[in-house]
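Feature annotations, courtesy of TrEMBL:
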COMPBIAS  40-57  compositional bias 'Polar residues'
DOMAIN    132-304  domain 'Amino acid permease/ SLC12A'
DOMAIN    414-703  domain 'Amino acid permease/ SLC12A'
DOMAIN    717-835  domain 'SLC12A transporter C-terminal'
DOMAIN    848-926  domain 'SLC12A transporter C-terminal'
DOMAIN    979-1091  domain 'SLC12A transporter C-terminal'
REGION    34-60  region 'Disordered'
REGION    101-123  region 'Disordered'
TRANSMEM  132-156  transmembrane segment
TRANSMEM  162-184  transmembrane segment
TRANSMEM  205-226  transmembrane segment
TRANSMEM  259-278  transmembrane segment
TRANSMEM  285-304  transmembrane segment
TRANSMEM  416-438  transmembrane segment
TRANSMEM  459-490  transmembrane segment
TRANSMEM  510-528  transmembrane segment
TRANSMEM  564-582  transmembrane segment
TRANSMEM  588-609  transmembrane segment
TRANSMEM  621-638  transmembrane segment
């Protein structure tokens, strides 16, 4: 699932919510204490799973059960705990989080209600070796190594074979680096490369490449089955062949028909095994891998042994031509029986019956000698020099050994079947396409990410180590084969020259059967694995519902097994079986795998260049240039292998892309370049309008509210500096201000203000737009800016505004009332809010912090803004060298040790490096200082209110003798509210009696100043002041020397009578701190642990 959801949900949806998240509720409270709140917030579903009645602790049932110290310590945030839970409540949902594979379903979609009845999944516990390294080895090593690598070395020579291996392994290594970056950028559920690409490049690319990867995996199963059947019919049970050649030229056709029949039977049997018991396939995987490893080890042992004791595998030559060895017994023209020399079986194969002296024989046979040479000269024989360079053949060309004496005469075609000949025309490009499948299989680790104990460490290490291992095996095998085996034997694809033995088996120790049996089981196992994985990949694509006609393949058996997808996979694999040639099928699947790897590299490069906030891979050894190099190599290998297959694969991917794109997408192109640009912009805006951005793509789109002085100069330019450091030129920035007045009269002033702001934006290097609003009242203009700025999907999601300095000294409450009104408006509009306090002390763009920390005080969870902002700031050169520290608050009944562990784990999954500290809020009584501070606050508030009332009366009495312009400059907010209540403001006169009646109705201010001395502080204010004092004490003690302190901003009170007290609480909360950034989330998650 893409993100954690922490918004209130209905009770009946909780079971699906819990199963959706994969999180089990765990209470932090000490187990030794009896606690009834746990029973009120967590219930059991009868299957051992706990489901929450409410995802947050501040529900109605539990409200009355809160202890006093809890209320005191978080009283500032208590009104919003239903939407912004305390951190311990949020972390408790993550403590048993498991990233088990979820199928391909979008994680933001809720699963069915039956999910709550599933058994609790086991926690992932596989390490790098068993979870990534060995599965990758099993998937990379395969049929090509045993059946075709010797043939490739014989045709291309050692040097060109090393180049082929280097190209293919470099391509997969670069892809693995890109894949490691993507896979460590969060959790990768089932779907592997499809999930990574679709979530990085969008559903169009994801769907196209997902289907290409599916087709590649399906054809891979066909290739493995054909390899298994080739081993069966050529080396294990040749007599099992159903079709037999009537002549020497028809042997290839008979073999292909046999492959089709047995391949279809084998495919059917494997499909039944996969349908009935997938668990058995997984259990046998270790056995199949053991067969591969034993076979490879036997090759190395045999090569080393050949230095002193090369195996005896003689091959028979006529002149320089290689003979099929199993068609005769003795490699000689004549044999001696007793004392009589008689023609041998070889003689009878080339000559008509009759007297030896007068027999009619093949001319080439008569004029050339029959010799016998060793197929395995050995590692010290020097054969390496002969095998160094390529020797490509055309179809039907006879295998010849250079250096043997031979009379070049034509023989008869009737004896062509006696010679070993090439069955297909070979070239460097063809061999690249045939070899590339032996370097695929690198996705095995990412596909198993749900089973890994630490996927973000295991996937890069295991995958790169597996590619390194297999590459070394391939490089050494090429050298060993070229150094030990005779060239004509290497070019003999099916081992006809060595009595139908598998060529690589002739080198193995102790017997060729080790390789034959081992390779057979390994190919069968690889085929089963492909038949198991391909339907699940198709099911993952189908369940995403981006290709409607595939929707049926998302369904399966009750246990989730993809029955319909398996059926389609079997039918497509049958097409590969009907091709019947391993050498023809291998380039097809090479195309599809290369297409997939190409887009993995593209996804990594695009994410790196875009610098999206969610792009935080734990794997650091990647670069966009490496990704582009890998992408270029994939594209080059596609056309090197087979240009027509490459075009077909790209056309298939393009058609799928267009199909998905046009599902509901409308395009309308204009004339000319400008029309094209306008249409593209319109299309992009309409695409953005479809819905809110995904959590992975969320970044702060800023609306910066500036204040101008009398000369229309920006009063606090460091607000723009802060915005430029936060944005680093990315995303949307709108700078807005409000001019009080009438639009018709103030148009020139508005233009001057706009130009001044643009000049300041250029100085501070802020890339964005400017918006100046003219309004009769400042707070109305700000509301208009918040509502109307932006266009379509290009709208702001975060508001940045300055702190109202001097609000305590001013008798006019408009400044802080406007501030609080803006806070309420941003909350109502579901926008995030940032308030930099002491912004004039913030660093300029030319300063550099060489040390220090950015401290985050995470009191309540409101979407993850506090985690994301320091990461974005650290991308700028000013803050780059600052370290990040995260502090959170534990109550007396919270297990602070467990909280610290869970917070560290959460940050690890977010790929954010930070020190973690849990601050315990002691159960202390409210101090006399807190009472005194609260009392002083309330007395001051009442005094100012009475002073404003007296002042307001005098202004109202004077309004009849003052002109309208002067009156407008004296208006207070209280006047505005009263005037708006009556349409005839010029005729309204307030008397002392009217005001006294109004005051008595509201029970607000005391009747005279003497009563101020007898005020008793309100208990809710005392609790809030206690929270502010205690938190400020903790923050100052630990973060007094921090470069920047980020802090949850409490929301304003729901009762507007306490607005002035709210400002005092914020002042107390941030006292003694040099740079403070108050942050409020917008009600949605902005950071995710997923890729």
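Using N, Cα and C of the backbone, Cβ positions are placed for all residues, glycine too.
Keep in mind that this is a model prediction, so the values were computed, not measured.
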Tertiary contacts of the transmembrane segment (588-609) (same chain, 6+ residues out, Cβ under 8 Å): 171-172, 174-175, 177-179, 181-182, 185, 193, 196-197, 200-201, 205, 209, 212-213, 215-217, 219-220, 223, 433-434, 436-437, 440, 576, 615, 622-624, 627-628, 630-631, 634-635, 637-638, 641-642, 645-646, 648-650, 653
Rounded mean pLDDT for the residues that make up the domain 'Amino acid permease/ SLC12A' (132-304): 85
Residues in the domain 'SLC12A transporter C-terminal' (717-835) grouped by DSSP into helix, strand and remaining coil: 53 helix, 25 strand, 41 coil
Annotated stretches the transmembrane segment (510-528) and the transmembrane segment (205-226) touching (3 or more Cβ pairs under 8 Å): yes
Chain residues outside the transmembrane segment (205-226) and at least six past its termini with a C-beta under 8 angstroms from it: 142-143, 191-195, 197-199, 259, 263, 266-267, 270, 437, 440, 523-524, 526-527, 530-531, 533-534, 537-538, 540-541, 544, 546-547, 569, 572-577, 579-582, 585-586, 588-589, 591-593, 595-596, 599, 602-603, 649, 652-654, 656-657, 660
Of 259-278, 285-304, 416-438, 621-638, whichever stretch has the most CB pairs under 8 A to the transmembrane segment (132-156): 416-438
Long-range Cβ neighbours of the transmembrane segment (459-490) (under 8 Å; 6 or more residues past either end): 128-129, 131-133, 136-137, 140-141, 145, 149-151, 153-155, 157-158, 161-162, 165-166, 169, 172-173, 176-177, 179-180, 183-184, 188, 296, 299-300, 303, 306, 310, 313, 315, 317, 322, 373-379, 381, 383-384, 386-388, 391, 399-402, 420, 438-439, 442, 445-446, 449, 452, 497-498, 503-504, 506-507, 619
Chain residues in Cβ proximity to the transmembrane segment (285-304) (below 8 Å; excluding those fewer than six residues from its ends, i.e. six or more beyond): 134-135, 137-138, 141, 145-146, 311, 379, 473, 476-477, 480, 483-484, 504, 507-510, 514-515, 517-519, 521-522, 524-526, 529
Positions whose Cβ lies under 8 angstroms from the transmembrane segment (162-184), at least six residues beyond its ends: 152, 156, 193, 196, 200, 428, 431-432, 435-436, 438-440, 442-443, 445-446, 449, 455-456, 459-460, 463-464, 467-468, 470-471, 474-475, 478-479, 594, 597, 600-601, 603-605, 607-608, 617-619, 621-622, 626-627, 629-630, 633-634, 637, 911, 1091
Number of helical, extended and coil residues in the domain 'SLC12A transporter C-terminal' (848-926), per DSSP: 23 helix, 21 strand, 35 coil
